[in-house]
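For reference, the structure is listed below as structure tokens.
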Amino acid sequence: METATATQDQGLTRRAVGGVDAAPARMPGSGARATSRDPKRKLGRAKRGLRSLAAAVTVSAALTAAAFYASGAGSSSGTAKAPSAAMVAIARAGSVAAEAVMALAAWMVWAEGGLHGRPGATLAPFAAQLLAAAAWPALALRLGAGWAGMACCAAMAAGAGACVRGFGGVNPVAGDLAKPCVAWAVLLAVMNYKML
């Protein structure tokens, strides 16, 4: 037993000092291909990761911002109170920020394979929350349908809560990033209630 341990220790020491095993590991039959430790390959992966992160956050935030700008500044129906410009600006900025944070959390889960591995717990609530967030400005601001806006806020809160649970199962940091989106949905519901 002692000889096996001594051999293992010697192997570790040899690798640490730069002995026979110091060369980077190559795939069998790879020839002159780049290895997994190749700096150029790592840089390429990092660039692809940053591009996918930028795309995820940009698409989500742009969709929400476009929904706000398409809805206009206030309600066109005379049944609901028109929201003040400050309230619309706060709702717009908060919604875009919340969707950007939620997209960051979704990207973190996607990077670990969680969106494909657990789509019912991750992808479905994220998509439902995103659609509810995109529908809220048209319903609450443009049409002045306050109760439909409250339903959107409830869907946003439920979707974000499901994302906290689903994302947290894959990546705890992503689950924690989704928590402020639940708080934002509740705050948006309070703002929506004041517009009734």
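In case you wondered, yes, glycine gets a Cβ from its N, Cα and C as well.
Keep in mind that this is a model prediction, so the values were computed, not measured.
Feature annotation from TrEMBL assigns compositional bias 'Polar residues' to 1-11.
Taken from TrEMBL, the feature region 'Disordered' covers 1-47.
What TrEMBL lists as transmembrane segment is 50-70 (among others). Residues 88, 91-92, 95-96, 99-100, 102-104, 106-107, 110-111, 130, 133-138, 141-142 of the same chain, all 6+ positions outside the transmembrane segment (50-70), place their C-beta atoms under 8 angstroms from a C-beta of that stretch.
Positions annotated as transmembrane segment by TrEMBL: 90-110 (among others).
Residues or ranges marked as transmembrane segment in TrEMBL: 122-139 (among others). Distant neighbours of the transmembrane segment (122-139): 60, 63-64, 67-68, 70-71, 91-92, 95, 98-99, 102, 106, 109, 114-115, 145, 148-149, 152-153, 155-156, 158-160, 162-163, 166-167, 170, 181, 188, 192; these residues of the same chain sit at least 6 beyond its ends, with a Cβ under 8 Å from one of its Cβ atoms.
The transmembrane segment feature in TrEMBL is assigned to 145-164 (among others).
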